[in-house]
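Colleague: Let me give you the structure first, and then I'll get to my questions.
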Amino acid sequence: MVNMKASMFLTFAGLVLLFVVCYASESEEKEFPKEMLSSIFAVDNDFKQEERDCAGYMRECKEKLCCSGYVCPSRWKWCVLPAPWRR
């Protein structure tokens with residue numbers, strides 16, 4: 001019985017030690033993933049979203065008209081696809 005308790009304690013202590021070591025090494029390398037992601041997802045001015053004269057899918061349509069292929073139902077105030085039975 002004592003041997004089983006000791007082995008469980010050592011297993012638990014080993015897991016805690018592993019967690020602490022992993023956390024310490026990850027906190028040292030926190031800047032690397034941020035730098036990597038910022039370089040991958042860098043936004044260029046050419047790729048920014050352009051302002052449209054019409055509202056796209058699931059956009060508010062109170063002041064703007066919906067783009068072609070979408071409707072602005074009176075029940076909801078955002079552009080959605082027309083219902084199949086209304087086409």
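Here the Cβ of each residue, glycine as well, is placed from N, Cα and C on the backbone.
Copied straight from Swiss-Prot:
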- CYS54-CYS67: disulfide bond (DISULFID)
- CYS61-CYS72: disulfide bond (DISULFID)
- CYS66-CYS79: disulfide bond (DISULFID)
- 1-24: signal peptide (SIGNAL)
Colleague: Measuring CB to CB from CYS72 (disulfide bond), give everything in the same chain under 8 Å that is also at least six residues away in sequence.
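Modeller: Once residues fewer than 6 apart are set aside, CYS72 (disulfide bond) is near ALA55, CYS61, LEU65, CYS66, TRP78, CYS79, VAL80.
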Colleague: Looking only at CYS67, CYS79, the disulfide-bonded residues on record, which one has the least crowded Cβ, with the fewest other Cβ atoms within 10 Å?
Modeller: CYS67
Colleague: Could you find out if DSSP has CYS66 (disulfide bond) as helix, strand or coil?
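Modeller: Where CYS66 (disulfide bond) sits, the three-state DSSP reduction gives strand.
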Colleague: What number of additional C-beta atoms lies within 10 angstroms of the C-beta atom of CYS54 (disulfide bond)?
Modeller: 13
Colleague: Relative to the Cβ position of CYS66 (disulfide bond), how many further Cβ atoms are located within 10 Å?
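Modeller: Other Cβ atoms found within 10 Å: 19.
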Colleague: Relative to the Cβ position of CYS61 (disulfide bond), how many further Cβ atoms are located within 10 Å?
Modeller: 21
